[in-house]
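Remarks on the structure that follows.
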Amino acid sequence: MADNAGEYHDAEKHAPEQQAPPPQQPAHAAAPAQDDEPDDDIDALIEELFSEDVQEEQEDNDDAPAAGEAKAVPEELLQTDMNTGLTMSEVEERRKKYGLNQMKEELENPFLKFIMFFVGPIQFVMEMAAALAAGLRDWVDFGVICALLMLNAVVGFVQEYQAGSIVDELKKSLALKAVVIREGQVHELEANEVVPGDILKLDEGTIICADGRVVTPDVHLQVDQSAITGESLAVDKHYGDPTFASSGVKRGEGLMVVTATGDSTFVGRAASLVNAAAGGTGHFTEVLNGIGTILLVLVLLTLFCIYTAAFYRSVRLARLLEYTLAITIIGVPVGLPAVVTTTMAVGAAYLAEKQAIVQKLSAIESLAGVEVLCSDKTGTLTKNKLSLGEPFTVSGVSGDDLVLTACLAASRKRKGLDAIDKAFLKALKNYPGPRSMLTKYKVIEFQPFDPVSKKVTAYVQAPDGTRITCVKGAPLWVLKTVEEDHPIPEDVLSAYKDKVGDLASRGYRSLGVARKIEGQHWEIMGIMPCSDPPRHDTARTISEAKRLGLRVKMLTGDAVDIAKETARQLGMGTNIYNAERLGLTGGGNMPGSEVYDFVEAADGFGEVFPQHKYAVVDILQQRGYLVAMTGDGVNDAPSLKKADTGIAVEGATDAARSAADIVFLAPGLSAIIDALKTSRQIFHRMYSYVVYRIALSLHLEIFLGLWLIIRNQLLNLELVVFIAIFADVATLAIAYDNAPYSMKPVKWNLPRLWGLSTVIGIVLAIGTWITNTTMIAQGQNRGIVQNFGVQDEVLFLEISLTENWLIFVTRCNGPFWSSIPSWQLSGAVLAVDILATMFCIFGWFKGGHQTSIVAVLRIWMYSFGIFCIMAGTYYILSESAGFDRMMNGKPKESRNQRSIEDLVVALQRTSTRHEKGDA
């Protein structure tokens, strides 16, 4: 540990018990990693070692709370009697006035949410088609179109509701508890039942669930506010001092009166401001609306061409309206929103089963395209559990003596144990001597960590009655304690300091240990190195992330040396710098463009504060990257909201969860990478369906448009409607398909998407034209297939077969046989194919005019031939770099970009200096 980082508390800073976990664990909590030792052995060990002290602690807890006068505050919130608390009638009255103690969620009106499934460019076109059918008194088409619109809305609404139900169940498992005094009795309640004026009982390990004030006189609490303010050290709280929701009590016991709940708390107000800053339509919705708008324009262009041809042929108005209805139905895919929503909702439910709560469905698309993941270190890359290394002892001191002394300088209360105490107690399994001796010592007085002296002190009595003072803490501060008592031999002093420097350079935190036996001088004993080791799966996950084209940047509040050592162990890059080099505090002399280059090239930053996280995300986004950000505290909320995908990690505060797009209940980076793979699979399903559905619309627009213009013939309107229905019904099962995941981030490459869809649509149109002209000749018995039946049924079957089979082409990254479709998708397509064949054979829409089996078999053969041609075409275009260049062109480089970056950073620095000057 470096000199300036040589604080005992630095070892606690990112330790697992810094902020005690909620008393109620999620019902679906992820299983611990194989090499992570559970804390159950700690409880058993404490029971064995400190049974008398634990009993005394329990007796203390049973005492009635001490009364104390509250400090005057506005209204009557602090006038509650501290012994009796509120009455139930007062609780009900205040709950009606102030509501539940929870941040308000934007509750959507179910009816309005359902109605919104009828809003959008695609839906408007279908509604226009329904009105047109009603005007033509074509009640069959009118009913079918309305049913199609209703099916789209019902499927989308039900799927989102089911996914939301799963998320709500998981959220319930995260509920906190609160110990409240009401009507003179102590009750344990759900935290959301707390109201202003309630008296809460605080104990070591309590997570404070509302804002309030300490009301116990002469009390000394230490509260961890790192989730709110980012302060690494616990804050001292005395009578009258404010407390904030999401803080954790580290030391002491007392009472507080609740002054604010829910959205009125500091956390709630911060979350409200962050959420208010977010607005606008999601990127995915913009993509769908853009596709619908372009298809609508194509429909209008097709109708213009048809109307122009009809003008010269003097076509009747009623016939023109039929043309309009047909082209409108086939030109805009009404099922597109429903299928895509279903795909994302099913994916969200699957992610929820893997402990990832998707707050909004569009986050799935964003996560699939993430190129850079800015990850915190503690708990995500590491275990968030301290482990001890090999002790360094000075001459004449054994490792057993050092461990025994360090364990004596530990809390005797189970809830008072910090991460360092737990680490030492776990280490006793490897030190049987100190373990057997520990119970023979009696602790006379224990002084918790003092941020001034940076050490923990315990006064104990040995079995022979000798009194010993034991300390552990920041190595150089422990050394100072000994030096103030007597000079230390030069060789011991040199070896001790060298070891401190060596451990710091290797990324270890270190603790100095010393003791003073009654009647003797202080004795320096040695150093115990400790570290937060990487999770067992992190190195493998980092390697997998690289394979997936994802860059992981470490952003940590730890010292740079610690961050570098962790990065080295994980196989990450070691270009990790102090966040101060970003120059956000008004300093720094790098031009803005160089700051952008610096952030882009860095593998991470140490000694990071929330403003650094926000700046890193902003810079990467301005460079064109899609960025994901992990966080857990209130101060992380702006960064989580700023990122393209905000990720609240396990144990995150309500504010962080509210600001995030995805909330993870399972610890570690592997859960995030697994979710990323799943999101890419979901994106692939959506992308393949959109290509498929646009191609179908273009296919029918091209074929029927030319057929109307050249031949002045129109397919039966009922069959046109059923073609549209079959195209969407068959592919609803795409949500359950065995989709591959891309090995690189995926985005909506719209030029390429439209290029592929257009070419495939043209191939389909040519295939349909050839089938029609070769199988159906002018006059009886002049076609290739004799006794073929009715033209509409032949066209209907060929169009249905080739369109349904297209999904097997677009769903694969390689040849169509390279990936086996799911049984749901295969079954749905087969069922629709059989139904379409029955339509053709029995002529259900042409008064029973049947088509021969021979003709039907020939149609299947023609359709399979067309399928092979479009499969080959799609594969060639998908693998062609030239096609991509033709669709996207060369990337344009902005000459002014670096100048703009220089200006932005200069303005930020000037603003910061100005604020400092005003202060």
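Here, residue 1 is simply the first one shown, and the rest follow in order.
Cβ from N, Cα, C; glycine included.
Note that the coordinates shown come from a computational prediction; the quantities given were computed from them, not determined experimentally.
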Site from Ser89, Ser246, Ser264, Ser819 that Swiss-Prot describes as phosphoserine, others unannotated there: Ser89
Annotated phosphoserine residue, as Swiss-Prot has it, among Ser226, Ser494, Ser531: Ser494
Lys104 vs Thr265, membrane side identical per Swiss-Prot: yes
Minimum Cα separation from Asp636 (Mg(2+) binding site), reported as the residue among recorded positions Ser89, Asp376, Ser494 that achieves it: Asp376
Touch test for the transmembrane segment (290-311) and the transmembrane segment (323-345), at least 3 Cβ pairs under 8 Å: yes
Assigned conformation of Ser89 (phosphoserine) - DSSP reduced to three states: helix
The transmembrane segment (825-845) versus listed stretches 139-158, 718-736, 859-875: most Cβ pairs under 8 Å: 718-736
Contact ranking winner - 139-158, 323-345, 753-772, 859-875 against the transmembrane segment (718-736), Cβ under 8 Å: 323-345
Spatial neighbours of the transmembrane segment (323-345) far in sequence, C-beta under 8 Å, 6+ residues away: 117, 120-123, 125-126, 128-129, 132-133, 136, 138, 141, 145, 148-149, 151-153, 155-156, 159-160, 162-163, 288, 291-292, 295-296, 298-299, 302-303, 306, 310, 315, 361-362, 364-365, 682, 685-686, 689-690, 693-694, 696-697, 700-701, 704-705, 708, 714-715, 717, 720-721, 723-724, 727-729, 731-732, 734-735
Separation of alpha carbons, Ser89 (phosphoserine) and Ser494 (phosphoserine) (Å): 69
Per DSSP, three-state class assigned to Asp632 (Mg(2+) binding site): coil
